[in-house]
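Inspection log for the structure reproduced underneath, given as structure tokens.
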């Protein structure tokens, strides 16, 4: 197969932390030669007034994706906040609409990867690993963030998100903590790694 490697960074963000990580992931993927990257979000199911009352980020510039388009990409990198150790309802609703893709095997052999954010660390890893189950059912090739790629994973000099499962950030109980440069670096490296693997599988 020829042509550019197409990577979709698909996310849901409540307070902007995942949106920030998603942009870093997309930047990393775009750093790989021959890669075309799109940044999109899943539809928001929460009413705008309820979001505003909760202090959530209502306006986000990324266009909204449709479940049907996932098969158009060589890799999809999913980003979701944590809700009780799992993905958000918005992301769940989106994935629940991919049954038609599953029936056709449209995602078999595509690369899938996940990044997340948590308030204080609870569910940081379970959100990613439980998300992987969905990717396995679709026959996707699951890619994480190896220590050999994300060398910041060895650094314990400060509190940070990120693991071999994928990039992440700790937002804090009040959501005021923003992704650090180390967390953003890991996100970029995850994007680059996924794009590299997808290109090799496409070749």
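Any Cβ shown, glycine's included, is placed from N, Cα and C.
Taking Cβ-Cβ distances under 8 Å and a sequence separation of 6 or more, the neighbours of residue 13 (FMN binding site) in its chain are 19, 22, 41, 57, 60, 79, 81. According to Swiss-Prot, the feature FMN binding site maps to 13-18, 82-84, 117-122, 137, an assignment based on sequence analysis.
DSSP assigns residue 15 (FMN binding site) to coil, not to a helix or a strand. The NAD(+) binding site annotation in Swiss-Prot covers 15.
According to Swiss-Prot, the feature substrate binding site maps to 102. Residue 102 (substrate binding site) falls within a helical segment according to DSSP.
Sequence annotations record features per position, and here Swiss-Prot assigns domain 'Flavodoxin-like' to 7-194. The average pLDDT computed over the domain 'Flavodoxin-like' (7-194) stands at 96.
A gap of 25 Å separates the Cα atoms of residue 102 (substrate binding site) and residue 82 (FMN binding site). According to DSSP, residue 118 (FMN binding site) sits within a strand segment.
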